[in-house]
Every structure is written in structure tokens, then in C-alpha cells.
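Annotated features in TrEMBL:
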type	residues	note
ACT_SITE	A:C390	active site, phosphocysteine intermediate
BINDING	A:N328, A:I329, A:C390, A:S391, A:D392, A:G393, A:W394, A:D395, A:R396	substrate binding site
COMPBIAS	A:1-13	compositional bias 'Polar residues'
COMPBIAS	A:14-25	compositional bias 'Basic and acidic residues'
DOMAIN	A:178-553	domain 'Myotubularin phosphatase'
DOMAIN	A:359-421	domain 'Tyrosine specific protein phosphatases'
REGION	A:1-25	region 'Disordered'
REGION	A:594-618	region 'Disordered'
Amino acid sequence: MASASTSKYNSHSLENESIKRTSRDGVNRDLTEAVPRLPGETLITDKEVIYICPFNGPIKGRVYITNYRLYLRSLETLSSHWRFEVDTCLFQDSSLILDVPLGVISRIEKMGGATSRGENSYGLDITCKDMRNLRFALKQEGHSRRDMFEILTRYAFPLAHSLPLFAFLNEEKFNVDGWTVYNPVEEYRRQGLPNHHWRITFINKCYELCDTYPALLVVPYRASDDDLRRVATFRSRNRIPVLSWIHPENKTVIVRCSQPLVGMSGKRNKDDEKYLDVIRETNKQISKLTIYDARPSVNAVANKATGGGYESDDAYHNAELFFLDIHNIHVMRESLKKVKDIVYPNVEESHWLSSLESTHWLEHIKLVLTGAIQVADKVSSGKSSVLVHCSDGWDRTAQLTSLAMLMLDSFYRSIEGFEILVQKEWISFGHKFASRIGHGDKNHTDADRSPIFLQFIDCVWQMSKQFPTAFEFNEQFLIIILDHLYSCRFGTFLFNCESARERQKVTERTVSLWSLINSNKEKFKNPFYTKEINRVLYPVASMRHLELWVNYYIRWNPRIKQQQPNPVEQRYMELLALRDEYIKRLEELQLANSAKLSDPPTSPSSPSQMMPHVQTHF
Amino acid sequence: MLGKGVVGGGGGTKAPKPSFVSYVRPEEIHTNEKEVTEKEVTLHLLPGEQLLCEASTVLKYVQEDSCQHGVYGRLVCTDFKIAFLGDDESALDNDETQFKNKVIGENDITLHCVDQIYGVFDEKKKTLFGQLKKYPEKLIIHCKDLRVFQFCLRYTKEEEVKRIVSGIIHHTQAPKLLKRLFLFSYATAAQNNTVTDPKNHTVMFDTLKDWCWELERTKGNMKYKAVSVNEGYKVCERLPAYFVVPTPLPEENVQRFQGHGIPIWCWSCHNGSALLKMSALPKEQDDGILQIQKSFLDGIYKTIHRPPYEIVKTEDLSSNFLSLQEIQTAYSKFKQLFLIDNSTEFWDTDIKWFSLLESSSWLDIIRRCLKKAIEITECMEAQNMNVLLLEENASDLCCLISSLVQLMMDPHCRTRIGFQSLIQKEWVMGGHCFLDRCNHLRQNDKEEVPVFLLFLDCVWQLVHQHPPAFEFTETYLTVLSDSLYIPIFSTFFFNSPHQKDTNMSSPKRGFFREETDHLIKNLLGKRISKLINSSDELQDNFREFYDSWHSKSTDYHGLLLPHIEGPEIKVWAQRYLRWIPEAQILGGGQVATLSKLLEMMEEVQSLQEKIDERHHSQQAPQAEAPCLLRNSARLSSLFPFALLQRHSSKPVLPTSGWKALGDEDDLAKREDEFVDLGDV
């Protein structure tokens, strides 16, 4: 466990729970002691390098590479110009520590050639997926750079070298098993399913109906398995409309799917039309089914050229279609790149706002939130069932359904509820984590990569910012999820879909991220959390309230470092502790009094003199 | 937590002054409930307030759920405010009555709070001023506290329209004499009504004793002395009656140039370095006079340049820093972003929000002020230098910068009493021309510069970044900013202590003479600056000081510096967004955590009391204290200003479309997965 003294500095960085603290003597340290290691982690090599810190300048250090991480310890003690207790760097015994899981590396480049002059111009430049770059300068003589490059490449991109991802080597043990957090049958039962309109089907038990869907699906009671098979032929990648969430009172539902295969000729499919009508009829309150197509309408039209499309009015009489204008994965990827440009390594100062605007990142966040609000509002007050899709129904669709569910259902705002939401809407319904993140893959320019899940977590953060008492989890919870989205230490975010995970026996061979989090829950709790059942949360999707998530995107910059924990939270925790102390005291007094019965009080001094009095101002 | 500095001295003994806290404390709610139960809507007049004109069947637009509806009522104009009295004043629910403004109701606009008045003629919006030939069918009032009111006059009798519109225009827009300020009628009528708040120990700095006390508090009395040379404003009307100068400075020097060219003490740091200010000498063409000025200044500098005085660094705030013009331009652009007539306008501007904000430069001006204050703090704290602020009249940016420096360096200024005393010392006694800068008399629009508001916004940034370092909250600052336009508090309605004393104490002393001669256009800038660091060196010192402070954990009782990086300077949402229904977060916002904190504080306190009781008696504990903010999670982000509260829980949805992506168009057209699905 990280001790109290170090946790002050690594509050933003990756977890080090199972890391033993390094010995204090400092001299003659055995290599195996110098690097913290997880069970199953092995040291591959170490090299003397100069770490070129973008905030404080170059510093000499020794870098250790294991099959899981890159670990740097500075050799010089820090001179006075090292003014920052940088988050990236844990300071131990006044040396600088850099601890980076190899999974976050997206690209390794050599800088400078054999003829390079200039100080520190020869070395490696490492681009990370978590909004930072690492630069190391190496000696030109020997083959230290070549060695380091090859070893890093090998272990950062194991899939290109027929090596396993670290999650399969990790032998960590936790006292709770995160893989049991999500049980689809239990989750649907919580929602009151099956009921007389909706049934659970095992038609996809062996993933033969749809290889990217989970084994267990909830479909209308009146649709037979044969109906489902016929509908599957008309939906992109056979991702048929299935239930995600049902409103506990008005019984309207959120249904998710992929686009219909309308194509240029405007094909129709009676089974699909009938199926949507059956979904509509499960809700007697309104005569229309609402379809939200997450894409901008031009893109939906353009998709016809490749066989896709959208539900036309003539084919689907009883449906109303709205486009939500959310852009595709490529636009999001470029937008995040621009965010990195303005925050790393230096934060744009005088033109901060216009630079931020030019990234469009918050504009995309706004559109995703706006879409989710519409879905939630339709279900909650519009009393209409809703069908959500984009092209394939695994990116924008997952964002919209999961955010709408977060707004509608307070259960998902608890720590375990949120884990279930992620496990259900993202992991089981086939968000392509492997392709979107590119785990262990060296092709950093792959057009399949896109920060869709990050964008979702950002939306959740925006909501938690607007409703600071509505979520059981805190910012650290969201950050640790994102850190392990890339780290490959856990099996949670590996692979594209449930069938692939099953083939790889992920639940048997890897550890779940929820094991780490749930065995250490206190750390991720929001002290202000007030549980409120049945309260619908509508965030305000206006630029006036949306903010760049500084504690995530700019966390490497020590100048922007926010106080952790935030002072208001700190104050509240103090009060909580004081309250508990008083309650205990009061109980003691009560006991003492009942024991003494009618004896007069003996204590001459007032307790207020012994205890600190509360200051009423803040 | 923060020590409540023992503020003795002159403050407490003086006649009570109206305070600017105008929100009802919870224990006062009961008195208000009686008023609410009265069915008949009557105009509530303050002592001395007179009804001037009125119109009936006016329709006030109310925005709810992105659609507007109207409420019929009476529109009245008094010599204090414009008020709308709705015919159907439905009972307010509890959330709304919990905190209520005692002076200004939901539909009241003080005359000084009116910024612009527009009329709508055949769907066209025009600014209204002077004599009107034609009367509008709709009246739009933009307020200085950023409320927007819309009144439809279509159903009002023509003569009533004429009377009310011209009345409102005249009483809010036409130049006014100082004696016509409502302040005077109120003071006369309400003299016996002022309530004493025994806890109010704000130091007023209008006695020699107050200054001596401040010198003692900051340990400045070794090198500086309080002087009464200006008693009765004999020497100069710009300076307060009492102030502090370096001990060896001969008092007759003060008289020489009517207080110009005199280093006046603001504050002393624990290490002995001091913050001083000086108004520049008038610029003269005549060589002879210049020579005299030069030798005068040389004499002054000799005094403060030798031990025991620290090295002096001169900060010329009139050059190389902000100009008042810049502040004025920036704020007038900035405020437009919040004066929103309807929902469409809100969403249309939403997409361009950040660039609109940036183009106003307001946040950048805040950053520059904070940065300047940090630079000066660095000189005093790290380099042990005296800093002399120099400005034409030493009454605008001098007030701003010196108060910011004290707020950062002196934790006493972060208590409520300390902060009020600071405003009293630097702004009121410092001769900031509130009357002109707020344009209360509508005599010269060019003089209207929101310097004090800029100061409050800078303070807000500090409060927002370091809430535990302050005894007061952002709501206090917001209420304080509102009180700038409420002419019953004399604090912000005079140009100088002299003007206040001559007008307030003996109201019969004739008309107020407008002092224009003190606005001397030129100054001696460069020649006085003895010590000018090269900008690079300064930058370096600044960086190092700033970075090293931020690298340590914050001591809320010591030096306090703001973050000034791009993302850290924010919009004071509570002040600027509070009236915009679209920007309201139902059940959310900062108030949600703050009220949880208050609840917890109450709970802890009641537990504490129970324990005390247990010790004194055997009786069963008292019943639970009523919870103040029981429904805190149901409050909106606009609380306690949530009078325009949306009553339904419908979400607000953006109505404007998507902005073109420009160079990303190609990407936007691409498909997520480029796979031809073909014909299935």
C-alpha cells in the first residue's frame, strides 16, 4: 500500500498499491529493490539516461524497463531549480521517480543521429496515450539507444512480437473479485426484467446471431427467435435492436442497435419494420417510437452509399427520427490531438480560450451530452420508447445510452452501479476497446483509434462537476479508470467484444480493474454524495458550464496542479470526523449517565473546553 | 481557522453605518412571512421614498422552459426604484423565501442599477434616451447587475405609457445633481431607524486613532506616522483627513503640491518593507517650476531612500500597465455576453462562447492585475523592498493593486471585517471616485469605469481558488457588487471622503461643486522611477517566486497567491450567470456542496451543545434543531439569487446548430469503419 506520505504526491498518477517501498539506505541498492514490481512483473533491462523534463529541464537518471513499466529514478539529488513536486514524479529520498506503464506508449521515436551535436539531442522521444511525451537523451557511443528502443518496442507493443499483454502475466491478488461485479441476469432483474413485454433470450449464447453482442439479450416478448434472426440480416453487423434500460414507472425503454442496411436503393425489410412496431407497442402511452440517429444527417445519408442508412418515414410510419449531429471517431481523434497541442507541455496563456475553442473538444462534449439529455427526457417526460443507433452502434450509441441511463437511474451513480454501467453498455455490448485504444499494437496511425471512451468519461466528469452531490465516486475514480484503460494491467478493457474475451478466457486469466478499485473503495468516494432515488439529472449542456477537465488533461503540468483533495472536501471530511467523535462522546456520556442513574454530574469542566469548538465561518 | 483579528480602536465607537449585507438571515424569515400572506399587492416604500409615476396593465415577460409567458401588473417609478407589481403574486415557496433581499425585491430595479433602456418599435430594438416622439410597444431594461426585464406596453393606456416611459428615462438617464441622490432623502427620513450591529467592527479610517491602530497592527509605527495635517481638508480635498507618511517627512511638504508627490503609506509587511502610493505632480511646461518640482522630489526621495527605509521600487501604474480606457472597453463587451434577451440569443452565442469571452479581454485584464499584484508581493516578500505605486491621482489602479497585494499578504484582510476595513482604507479613504466611476449621476459616461468591480472579480478568483483562506464566500462578494447600485449605503456614492463629509454631515451646504480640476492629464512618470528592473530579470524573479510558492502546500493563514494560467482564470458565474434561466443547474452547482457543508456544521454544533447540556444536566437532549437547508439538493445553482427559477424539471436543450468544422470536413464525412457493407 502506498503510504500516506507518498500518496500526497501520486494522487494523480497510477496506483502503486502493491508496490513495496524502496529501502531508505539508498546506497548499494539491489536492482530488484530499486524498481517496484507487481507479482508477475520481471525486470528486462536498465540504462543510464538523461530525462528531459519539459518543466524543469534535464536530469540524470537510471531507467528500468520491465515487462509492465518504464521506471526512472534520478541519480542526482534535486537541485534547487527543481521547484515542483511534479505529479508525474514521486519523490522518494529526494530523487525523482517516473513510473509509466508501457501500455500508455503509443509511439517510440529516435531523435538525433550519429552526427547530432548539441546537448541531449540524441535519444528517444516517447509519445503517450495519456496526454504527455517522455524524452530521454542517451550516450551516442555503445548501443544503449538501440537496445532501449528495441526492448521498449518489444514490450510496449507485445502483439507485434507475439508476446502476451501484461494482464495475462499479472499475478496480483485482491480480496474481491471484480469479475463478479456485473451479472447481466441480476442487472436485468434489478430493472424488473423479464416482464410480460420483455423476455431474456439466449439466442446469442454462442455468438452466432451477432458476434459483437453479449450472449444474453433482452428483446420484446412478442418477437420470436426466428424474427430476431431475420431482423439481424437488415442491421449492420447483425446488431439488432435490444433493450438497454426500462423506466421503472412508465415502462418506456431505451433500445440500442446499429443502422439499418437501407443502401442506395432504399431497401426495406418487413421484419425490421414489424420488429420496431412490436417495440413501440410495448409502451401504450404514445403512438410513436422515437429513433435517435447519433450521426449528423449528412453522414447518415452518405452511409447509404456503403449499404447503410437510416429509418425512412415511408417505411417506418410509427417512428419519429431525429439526428443528433455527433461526429465520427476520426473527428474526435483529431480534436483530442489539438487539445494536447494546447496543453502539453506548455499551456497556451493569453489566447487560452480561443485555442480551447479551436480544438472543438468541448463542443463535441456538448453535443454528446445534449443527445443524451434528449434521450433521457424523451423516456422520462416524453413517455416514449427510444431507439438509439449510429453506424455500428458501438461508439456514439454506447455514449448516448450510458449517459442517458446515468441521468435517469441513480443506481448507476454509485461506484458499483457505474462499474456495472461500463461493464454492460461498453464492454459487453462490444465497444471496440482493442481497436480504439490499440492495446499492444505499434501502429500508432491506425484510423481505428479514437478516444470515444475517454470522451464518455469526460461527459461523466462534466456531470459530476455540475452535480457535486449526486455521484458516489470522486474524480480519482474516473482518473484511475482512464489510467488503466491504457495500462494493460487488467483484463477489463482488453479486446473488442465478449466473444473475443471468452475465447481468451479473460476472466480466468486476468484480473479485473474493479478488483483493485473495490478493494480500496474509500479512496474513490465522494464525501458529499447524497443518495437520491428516482432523481433525474439533467446537466446543462452549455459552454457556459462546460470546462476542460484540467485535473486530467493538464495533470502533468505542475504549474496547473490543483489542490488535492480540494479544500472544501477537506473541510467537510474534518467535520465528518468531528461529528463521529461527538456522537461517540455522546454515547459514552449516555452510558455513563445511565450507569450513575441519578447521581449528580461530577465532571466540573465543560467538555467544550476540552474539545475544539467548531468555527462557523468557512 | 482564520483568527478574527481583535479590531479595537475607533471602529466600534462610531455612529452605526448602514451595512451592505442586504440578505435576510434565516432567523428573520418569520417577519417576512406576514407580508407574503397579504393578498393585496402594495408598493413597499422605504423611508423617504416617493412614488413618481405609474402605469397599469403592463405585461412582464417571464421566461420558463424556453418559452415566454406574461404576467400582468403595475409598473411604477419612484425616486429610488422602478418596480413591477404583479397582479397575481403567487405565494413564494420556501426555497425562495429562505433568503430574500430586504431592500430590493425580485421585480425592483434601483434607478442606479439601470444600465440601458431599449424600446421595441415594430419588432425593432432601439436605445431610448432623451425626449421621445414615439412610444415603444415594449420596454427592455438592462441592469448593471445584469438582469434583463421586458415589459409589454401594448395593453396599457397611451397616456400612462407616455408618463411611465418618459419618467423612467428621465430618472435613470438624465444627468442628476448629487443632492438628488436618494441617499439624502433616506438618511433624513430613516435617521432613527438605523440598527446597530454591535459586531460590526469595520475600521472606518476616519480618525487618527484608526490609522494609529493599523500602524500598530502591521508594525509600521517604527518608520511611519499618522498625520492630521489635512484635518478639515485644509490642504487637499482629494486626501482623507488623516493618513500616514514616513516619519521624517516634514508635514509642510504635504501642503506644497496639495498632497501630490507625497509617499503615502498603505501597509507594512512583517519584514518591515512597506507598500506606499503617490499621486504624480502636475506636469508643467515652465522650466523654473520643473526645477522646483525636481528638487522637491529629490528631497522626498532622499528621505525614503536612506535607512531605515528599504530600497524603493517604483511601480508606475499610469504607464506600462492597464489604462482605464481598456478596462471600460473590456467590461462593456464582457457584460453584453450576459445581458441576454431570450433563449435563442443564449444558444446562438453558446457555440462561440470562448472566443467571445476572449475577445472581451476582461479575463485577461483580471490576469494582468493579479500578475502585477504578485510581482509587487514578490518585491516586498522576497526582496525586502518598499514598493511605491504611482498614479495620476493614486485613486484607481492604486486602490486596486494595493488592496490585492494586502489581500495576498495579510490574512487579516481575508476576514470579513478585515476585508471591509481594507475597502474602507484603500477605496473609500483612498479617494476612489465611486460617483464618477459608477456614473451614478449620469453626468459623464466617459468617466464610467468599473475599477471596483474589477477588484471584486480579482478577489473572486482568489476566493474561488482558495476558499478556506477566506472568511467570506463568493455570495458575499456578489451581494457587495450589487450594493454598488443601491443608494441607501453611503459607502459607494461619493468621490472622496471630503465630498462625503461636506454633504452628509450638513446637508444644507448648497450645491456640490464638481471637481474637475483634479483630473490633471500629465504626470512625471519616468523621471521619478529610480529603480526599474530590466524586464527579463523581473520576469525571472516573478517566475521563481510564483512557482516556488505554488509548489508548496498552501498555508491559508499566510501568503496567498492566485494561479494565473489560462485555464485558472474563470468567469464569476454566480454574479454573471445568475439571472439566466438557461444556465441554471437544477439541484446542482457549488451551492450543493456548500449547503452540505453548512448542514454538517450545524449538526456538529448541535452535537456539541448536546454534549455541553449532558454535562450540566441529566435531562434528555433537546429536539433536533430545525434544518436550515433541508432541501439543499433541490436548490438550484442560482441560489440564493434563484428568483427566476425554472419550476419544472424539463432540461434545457441547445437550439442552435453545429458550427462548420472547417478543415476537418474530410474527416467528418468519413465513416467510422470504412467497410463496404455491400448488398446483403
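Cβ coordinates come from backbone N, Cα and C, glycine included.
Worth saying up front: this structure is predicted, and the values here are computed from it rather than measured.
Here the features listed in TrEMBL are painted onto the structure.
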| residue | record | Cβ contacts under 8 Å, 6 or more apart |
| --- | --- | --- |
| A:N328 | substrate binding site | A:R295, A:N299, A:S391, A:D395, A:R396 |
| A:C390 | active site, phosphocysteine intermediate | A:S258, A:Q259, A:D293, A:A294, A:R295, A:I326, A:R396, A:T397 |
| A:D392 | substrate binding site | A:S236, A:R237, A:R239, A:S258, A:Q259 |
| A:W394 | substrate binding site | A:T212, A:R239, A:S258, A:F429, A:G430, A:H431, A:K432 |
Cross-chain proximity of binding-site residues to B (CB under 8 Å), evaluated over A:N328, A:D392, A:W394: A:N328, A:D392
Whole-number Å value of the largest CA-CA distance among A:N328, A:I329, A:C390, A:S391, A:D392, A:G393, A:W394, A:D395, A:R396, listed as substrate-binding: 12
Packing count at A:R396 (substrate binding site) (other Cβ atoms within 10 Å of its Cβ): 30
For A:R396 (substrate binding site), the three-state class that DSSP assigns: helix
For the domain 'Tyrosine specific protein phosphatases' (A:359-421), residues assigned helix / strand / coil by DSSP: 45 helix, 4 strand, 14 coil
Integer average pLDDT (0 to 100) for the domain 'Myotubularin phosphatase' (A:178-553): 96
Per DSSP, three-state class assigned to A:N328 (substrate binding site): coil
